[in-house]
Amino acid sequence: MDHFLYRDGNLHAEDVAIADIAAQVGAPFYVYSSATLTRHFRLFDEALDWADHLVCYAMKANSNQAVLKLLGDLGAGMDVVSGGEYMRAKAAGIPGERIVFSGVGKTRAEMRLALEGGIRQFNIESEPEMQALSEVASSMGVTVPVTIRVNPDVDAKTHEKIATGKSENKFGIPISRAKEVYAAAAALPGLEVIGIDVHIGSQLTQLEPFGQAFEKVAELTKLLRAEGHDIRRLDLGGGLGIPYERSNDAPPLPQEFGQLAQDKVGHLGCEIEIEPGRLIAGNAGLLVSEVIYVKEGADRQFMIIDAAMNDLIRPAMYGAYHDIVPVIEPAAGVEQVKYDIVGPICESGDTFAKQRMMPPVAAGDLVAFRSAGAYGAVMASEYNSRPLIPEVLVHEDQFAVIRERPTFDEMINRDTIPSWL
Ligand SMILES: *Cc1c(COP(=O)(O)O)cnc(C)c1O
């Protein structure tokens, strides 16, 4: 569920008309709903009511400071995957004891940064990383709580570029080797082994792969406890999918995910962490764009809009589907037309949708991409020297620009010309 509905023929974000934001900010832009972000966080939080728990928002999905502050104020922790994300979380006021550090390639500098600023736990992904963290922590005279990310070799049944839980993926240690890796970790100074971490992929639309992974984690918990490890925290990762195509079956709800987790690992008495990203932010955002031209091709109509693959790369990168709707509600019974919806970038990959049925639009009309709040703005670039587009946050009848569009001068002045040129 989201808070983007037509009212009096105009698409709104909560109580604000999208057209009013466009008039002030200029297209294209991202707009997020506070109410949707809040609702989605709470759904996960309530789904884990059965355990001592922390919902660590995977901030790579949308790491705007205002989004982090909003979620942090609700009690969210953060799952970070880089030094930059760690600094962003701290800048938004998230205390170190609510930040977990994930990622396959943490550098020593990133480890030091987090150990200095405070960290809840590191999720370790390999033996060399474990060694490095032990050395860094020891050299600073601290001991840091760690979990080890296991790769359960489970098919997440999602897009291959975002599946992370099969043995051929780069993530985690093979679960079959967990016993010896945990023994090695326990022997290292500076590390306190407290739990197990698993994350099998993103945009999962079925519960079954989660169930398989959680069962393996439960078995491993018992095995490691028998080996003398005090396993008391389970990080069950993120990955729950969202309905990008409204006509398709809806993916499982956070409540069902929480129930599954309780069924599979509830009896172990562990503290539970989860790391949802997409489900919290995805349907909390729209990308709003203006139609520049409608052009007649040899055998098709192109809708050329002012947003492009640099603003939202998911269609080009994953062949992802986004619902695209007119901002002015089409009249009932209007005949739909087929468009190839494309951006202005000089690549054929800059295509958002092919042969998409839509109500007819004209140059100057606004269209909105639904489900664009996650992996949208954060994956944007300035390719073709197109400025990063603004982000706007709505709260009831108010809205605020939470990231400005840079000026051309700001973009150009990031480069420097050496004195010898
Ligand atoms: C990307 C990622 C997540 C979040 O995945 P979503 O599909 O956005 O919920 C959680 N944990 C880790 C380790 C990740 O890499």
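Cβ from N, Cα, C; glycine included.
Under the DSSP three-state reduction, Cys346 (active site, proton donor) is assigned to coil, being neither helix nor strand. Close to Cys346 (active site, proton donor) in the fold, though at least 6 residues off in sequence, lie Asn384, each with a CB less than 8 Å from its CB. Annotation source TrEMBL lists active site, proton donor at Cys346.
A coil conformation is recorded for Tyr375 (pyridoxal 5'-phosphate binding site) in the three-state DSSP classification, outside any helix or strand. Here Tyr375 (pyridoxal 5'-phosphate binding site) comes close to Lys60, Ala61, Asn62, Arg278, Gly282, Arg314: these same-chain residues lie at least six apart in sequence, with C-beta atoms under 8 angstroms from its C-beta. The feature pyridoxal 5'-phosphate binding site is assigned by TrEMBL to Gly239, Glu275, Pro276, Gly277, Arg278, Tyr375.
Sequence annotations record features per position, and here TrEMBL assigns substrate binding site to Arg278, Arg314, Tyr318, Glu347, Tyr375. Arg314 (substrate binding site) falls within a helix when secondary structure is assigned with DSSP.
The annotation domain 'Orn/DAP/Arg decarboxylase 2 C-terminal' is assigned in TrEMBL to 29-373.
Marked as domain 'Orn/DAP/Arg decarboxylase 2 N-terminal' by TrEMBL: 36-281.
Residue density at Lys60 (N6-(pyridoxal phosphate)lysine): 23 other Cβ atoms are found within 10 A of its Cβ, drawing on all protein chains shown. Taken from TrEMBL, the feature N6-(pyridoxal phosphate)lysine covers Lys60.
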Taking the centroid of the Cβ atoms of Gly239, Glu275, Pro276, Gly277, Arg278, Tyr375 (pyridoxal 5'-phosphate site), which other same-chain residues have Cβ within 8 Å of it?
-> Ala58, Ala61, Ser202, Gly238, Leu240, Leu279, Ile280, Ala374
Contacting binding-site residues for ligand 1, chosen from Gly239, Glu347, Tyr375 when the Cβ sits under 6 angstroms of any of its atoms = Gly239
Protein Cβ atoms within 10 Å of Tyr318 (substrate binding site), excluding its own | 16
For Gly277 (pyridoxal 5'-phosphate binding site), the nonlocal same-chain Cβ neighbours (under 8 Å, six or more residues apart) come out as Tyr57, Ala58, Met59, Lys60, Ala61, Asn62, Asp79, Ser202, Gly238, Ala374
